[in-house]
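Quick look at what Swiss-Prot lists:
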CARBOHYD  164  N-linked glycosylation site
TRANSMEM  20-40  transmembrane segment
TRANSMEM  51-71  transmembrane segment
TRANSMEM  76-96  transmembrane segment
TRANSMEM  112-132  transmembrane segment
TRANSMEM  141-161  transmembrane segment
TRANSMEM  179-199  transmembrane segment
TRANSMEM  205-225  transmembrane segment
């Protein structure tokens, strides 16, 4: 398959774009770090998890495999994956600390949250490792990251809809995660990683389209639910006012 005109131009001027890629790498690192600390802040503020179990555990599993088992596949991030793995280990501790508030109706899960999060993380790590063995670390790093990004985009939508509440949700968190994700894709393109299928690949186009749709759907869901919460709060205030007058 012939390479696209855009890809050919990028490869031709790769050296000139190296500084751009380096700047984007730093910017992406800042965005993802802000995303993780925003998770901590939101979870501590609302006392419930700010992210779902599957996105979080899959991220940690992917980061562990490509930070310590296949570090060469993530070498273009210059140690960033290891930093994110360590930060995620802090995040998951605070998430589990507040997760019991969501499981009052299921005591068995509530009593075994550390085991649950641990076994799911190990399961995803084994899956990521198996996939890397199957297709190679370079391609595994890319498509394993695709799964991370897809779950990171889908999970918050499922979470906010199932809760029917904006508690534990944050528009800032989603904004920096979305921005960081697409900076990451741009870096892959500029660095010309040989394993990357990039924009001429139907699968890559599907991934970009899917995550864009999901990321633009989230603020709509947030706005609709938040507006309903404000309406309900206003109704409760009026009821209290009437009750006070009647008394």
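Using N, Cα and C of the backbone, Cβ positions are placed for all residues, glycine too.
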*Measure the Cβ-based neighbour count of residue 164 (N-linked glycosylation site), defined as the other Cβ atoms within 10 Å of its Cβ.*
9
*State the three-class DSSP label for residue 164 (N-linked glycosylation site), counting H, G and I as helix, E and B as strand, and everything else as coil.*
coil
_Considering the transmembrane segment (141-161), which listed stretch of 51-71, 76-96, 112-132 counts the most C-beta pairs under 8 Å_ = 51-71
